[in-house]
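Pulled from Swiss-Prot, these are the features on record:
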type	residues	note
BINDING	Thr39, Ala40, Gly41, Asn157, Arg194, Ser228, Gln324	UDP-N-acetyl-alpha-D-glucosamine binding site
REGION	1-24	region 'Disordered'
Amino acid sequence: MTRISVPAGQERNDGGISVPAGQERSDRGISVVLAGGGTAGHIEPAMAVADALTALDPDVRITALGTERGLETRLVPQRGYHLELITLVPLPRKLSADLFRLPMRVLRAVRQTRRILDEVSADVVVGFGGYVAVPAYLAARSLRTHRRVPVVVHEANASAGWANKVGARSAQRVLSAVPDPGLPHVEVVGVPVREAITSLDRMALRAEARAHFGFADDARVLLVFGGSQGAQSLNRAVAGAAEKLAEQGISVLHAHGPKNTLDLPAPRPGDPPYVAVPYLERMDLAYAAADLAVCRSGAMTVAEVSAVGLPAVYVPLPIGNGEQRLNALPVVEAGGGILVEDRSLTPEFVAETVPGLLNNADTLAAMTAAAALAGHPDAARRVAEVALEVARRARDLRTRR
């Protein structure tokens, strides 16, 4: 079990909890443990809920669980929250020595998590899936009867992963992004998204955003991104259509991933800008600058893009059981985007489809309105409210005993 040090500008209080400078811990505050590490798709919803919890109850105590190999070792301390590390428990996908080591790894991680729950006097565990969620779910229900910690599960994907299927069996409440993710008794709340995105006014920020990236005020802007590492098929298709897009007067903002490069033709005199960057530090400005996006359809991507009312061409990652396609379906069926399979995303498709959307003001306006209506900008607050309700009820029951 490892504690993560606090970054510069923050300080630890006597209880070992990292908090923003000047904010003190109250031992009387509700103690919430957030279990959602590994990838940004698990961490970002947890951090959005952490922010919402703090806004609803300034005395709340928040502890995030993670592993040393997850992105949480960087993202959680950056957001000013305390992180505890436990043993990584990946599920082997084929018969190997790791499969035989799995029971001992699970047991070790559960013991570590149980100790953390005791140390922080946890009132509720909120799990978001991923490798750290299963030990958290098992530890919460394996504590002594009078100290068992209630569990709230949040499933961001349209098809639940195995971790949340385990957690849902004993959870007090099961929250989800869609009505039927394969879990029982779900309450649809959407995917928690950080407040900086849900409060974004694209039109109010548009002039600043376009100036930031070097686009004209009246430009028609296509945003292309494939997650933090980019997406090769998106890169090839859009870069391959660069000349045709330029002929139609379309500007492009393309985040291609830090490990990737783009094969772009030399710009001709008078061509609109094709801005290629490895990574977008300011997604708020990128969303505000854009009229249309071409992107993957991970749960967080769909949640953010729809929350800001940005129409999109969703290209599901062609792996797994089709979860990304299911993630995009509600927005697409509402009219806020279109869906194209990865193998069908070609330069020819981009050159024909994107100008057809960006050059039709009525279609684009209708898609923008539909995308905004399909989003759930209050999801983080709703998850936080449920967590506090469950925690307070559990604390009251313990007090009466």
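Placed from the backbone N, Cα and C atoms, the Cβ positions cover glycine too.
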Next on the checklist: I'd like to know which of these binding-site residues, Thr39, Asn157, is least surrounded, judged by other CB atoms within 10 A.
Outcome noted: Thr39
Checklist outcome for this item: Of the binding-site residues listed (Ala40, Arg194), the greatest number of other CB atoms within 10 A surrounds the CB of Arg194
Checklist outcome for this item: Same chain, |i - j| six or more, Cβ under 8 Å of Gln324 (UDP-N-acetyl-alpha-D-glucosamine binding site); the result in sequence order is Arg296, Ser297, Gly298, Tyr314, Pro316, Leu317
Item to check | Under 8 Å by Cβ from Gly41 (UDP-N-acetyl-alpha-D-glucosamine binding site), same chain, sequence gap 6 or more | outcome: Ala156, Gly298, Ala299, Met300
Checklist outcome for this item: Simplified DSSP label at Gln324 (UDP-N-acetyl-alpha-D-glucosamine binding site) comes out helix
